[in-house]
């Protein structure tokens, strides 16, 4: 850092000695008497935040925060450089934060300080009756937070809603096989078999259920819809469910995992849902949801061990199917050339034009460039610089795919699955 030393520079000191040294000697004597009082000060060091005058060293964080002015938070966050931290108010806030970090429950690290999530069964036993009271008052329950809420909603249905005497309809919104029409058909057939139905759409079935419950001569059981991942349902179906749960005696318990779920609801839909939101962080895995959404196994893009090469082979086949025969013939010519040269030699533009002209694919450079640009845009053809600085075009695929392309065939997904490499094999090749 830059040190400020009293007594002048070395050249000034030498000049003073040349003139008799009286001034320099006086300065050195003064420095010797004052000792450590005037040690060089590092201008780049910052002062430590100290306790406020008159404040006890054992003040707790609450007392420190009480001394903050009312507008401290706004001033602090609106300050360009957060300069307010150097004021007594800033020192009090910093001291309170430091005491919070050094609290007994935080001394074992953040993983110990973070409370373990409560088991769904225990959470329902503790709060289930309160949620039921909110539903009896006319609210729908919406659960959101980190982690799967499948077991939570199932426990709430089994331990609270069924003992209450409600008819529970469980709807797995995440399931790829879900048919909301079939679910509402079952509700009509089991609870209101005499209801008049006009159609088989979701809207008509909702209207039939509402009409049957309004016209019932005797009290009907409460109807509770337990919907997992409400946001996955089509917006039109969500709107139909909102109209259904706005009917007396029909209740909704739903979960969402997307923070953007309310954006799908118009004001009328939001009013009909009448949600009471409950934030629950179960931190459980989404195994049930994943198995329902992808019954045949997770898609390839979910596999961290999948190679980029496999995805590329599948995309090459899709792209070539959508292009013209001229594109496919040009790719076939390039694949044959690469196989003849062990896949290591690219083609210059002039050489490629000669080969394309022989096959009647492109008879001028303008048409060839047009074909190459489209193939490059779809990452079917790559380019690299040759030893002489020229541009070489090649197909960035493996030998098996080259064999199919050279024979005029397209790579299939089954080929990609068979040729999938083990994790780490791509890095070794």
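FYI, residue positions are counted from 1 along the chain as it appears here.
The backbone N, Cα and C atoms fix where each Cβ goes, glycine too.
In TrEMBL this protein carries:
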type	residues	note
REGION	1-58	region 'Disordered'
COMPBIAS	35-44	compositional bias 'Basic and acidic residues'
DOMAIN	128-276	domain 'Origin recognition complex subunit 2 RecA-like'
DOMAIN	341-399	domain 'Origin recognition complex subunit 2 winged-helix'
REGION	403-429	region 'Disordered'
COMPBIAS	412-423	compositional bias 'Acidic residues'
Within the domain 'Origin recognition complex subunit 2 RecA-like' (128-276), how many residues are helix, strand or coil going by DSSP? 74 helix, 26 strand, 49 coil
Helix, strand and coil totals (DSSP H, G, I; E, B; other) for the domain 'Origin recognition complex subunit 2 winged-helix' (341-399): 24 helix, 10 strand, 25 coil
When the pLDDT values for the domain 'Origin recognition complex subunit 2 winged-helix' (341-399) are averaged, what is the result? 79
